[in-house]
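Trainee: If you scroll down you'll find the structure; I have some questions about it.
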Ligand code: SF4
Ligand code: SF4
Ligand code: SF4
Ligand code: FES
């Protein structure tokens, strides 16, 4: 048994938040996938799809004419996704027009084409839109060589994204280097939500959430912490495992695959770094985990008991 | 005003009613005596008092009245003058607005649209199906689509159904829903309760904006009266959500009612009729849709064109002295609404469909969903007149910026697309008008966004490019034709 304090048991009570306290900030989505098995046509090929299938499942069963990129979808069925936010998986159907294949349920007799002009344009433009908000410095990125975004960009022959990429250093968010286990670089985040689901739905830790809206949308912490170190994270690492990009990287891997360009490291790729002041984490549990809790304050009213205006708004 | 009239200490019955929809006439006082009604617009408290006194003395004052109308004594709907703004369009769903006491069951039942209380689902469905009625307003889960389809899906889905009245509309260019809730809440709530009963749903939720104080008060009162009159067991809740544009999107409405702390649209299909409030099959209709449903279920011939039967409410706003909401048959054209307002300056365009509406020069467009759609205009019931002094490029830019700031942040095409839309429009000011890229982006946002917000967000930009292309070129050349963009 190691004497490293990281193995000390410092728990004093239940740490796992009750699921109802978990506030991931994401919509209560309906189940995806079909309720019935179906036979459909994809690029002229007949596909038998089982119950629970999406069009992406059907597309993956055959050799498609167009590359259905499906960047944000997660293969594993472990309660993660389909979030259906990147819209790089669009295909054209005779019945419903252009639809996101990752979340669209298969229907009997559907006719799907992957390489029509509008489907390809939709995928190309949407991939470029995701890239437009991305700090595309692959050589210094902790996910270089094992990044889904890199893969689909190569697969889609992206040479120069039409809207450019995020490179203005003053617009970059500082890297969160506070946790000794996981580094967060939000400039690499595609907001796929996988980490949020892994943390809340799989680990039931209630640490991560989606926050803000519009261009400010970002992953954050349910206890309102600014840094990973101040969050209630237990460093299980699941979020980093499912992250498709270099946004969440295990500290040990941050520089594992970067190319040694002199003077260029991942840390200095962004303007600032937060959390450098934590020298060493003493326990596996972050300080906030012991005291903090998750947060789920409704933004809107519960049913009103009385008729006064103030009471309506809790 | 009511105080003033009551202060007159006369034995005259007075009541506060809702708006007629004509904001420019307000405060509007109507005085009725023996089948004759006089209208006093922009009425002062003093005038209201003297009108009451005259009535008390047994005469209907008509001096300085904007109109005097003869009608059946005890008419259940607003008597309409032959001319003037109040004569514009028809008054079917608006019939009791500005006339009946909003929460009064008696007044409501006296009106033409009162519903049978024991309608079977099959009966309701076949009436809706036969009528071909479509949903109205952007907050309706069956906006512009057949209402009967939504009801059928909800009735076939597993689970305890629920009915949501989505009245959260932060865009005050579209005032029709609030007008109904303030003036004739029972004509909305009664059909909602009927829908719930037909589906076997245990409850109805009215979802309003936190800022709609008057509507909420009147809905609350009407709901209490209705529940007491129809079914003391019925549950009719009033819930409010943020006064934000996105909060009116049907699935964000459900998220808000559930109490999610961050509003985000839901992925679909399946839509709310299968997976809605707390996963239950949910009908999400706007007040405007429900008012039409009420008339159809009550057996009133909805009129209008077969492709989109009934009437539609249009709020004419923008460069006008005061906005007005009027009801047009779907067989009418938008220009039929114009006499209801006093334009300010000469009109160069209109933006139809609210903040993300379509831009057009002509209002000779059918007032029906297919007519509006084929003119690439929005169907939410807002007609915003744009005067000569407005720069169309700047208008498109403002709308794009609104999209960039107000979107929920969930999906790429809308979140990132609106950002690029703003940037591409800024480039026009720097001399580069990339119209191909703007169109491509607009198409992608429309076709691939997850919800209606993103699908509509680029419409002001793309339609403005189509109609006012020369203004874009002029800006790229460093010149603003309307002289309002000074930074060029
Ligand atoms: S490492 Fe922390 S943030 Fe990531 S899933 Fe585990 S508990 Fe959640
Ligand atoms: S941090 Fe990674 S997993 Fe989480 S939303 Fe961003 S890209 Fe997805
Ligand atoms: S279209 Fe816009 S508002 Fe709708 S889900 Fe996407 S980001 Fe959110
Ligand atoms: S993979 Fe379908 S939307 Fe991202």
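Using the three backbone atoms N, Cα and C, a Cβ is placed for every residue, glycine included.
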Trainee: Under TrEMBL, the annotation region 'Disordered' belongs to which of these stretches: A:1-36, A:37-72?
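Mentor: Matching range for region 'Disordered': A:1-36.
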Trainee: Helix, strand, coil residue numbers for the domain '4Fe-4S His(Cys)3-ligated-type' (A:118-157) per DSSP?
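Mentor: The composition, in the requested order, is 26 helix, 0 strand, 14 coil.
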Trainee: Taking all residues of the domain '4Fe-4S ferredoxin-type' (A:180-213) together, what is their mean pLDDT?
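Mentor: The predicted confidence over the domain '4Fe-4S ferredoxin-type' (A:180-213), as a mean pLDDT, is 94.
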Trainee: Could you give me three numbers for the domain '4Fe-4S ferredoxin-type' (A:180-213), the DSSP helix, strand and coil residue counts?
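Mentor: Helix, strand, coil within the domain '4Fe-4S ferredoxin-type' (A:180-213): 12 helix, 7 strand, 15 coil.
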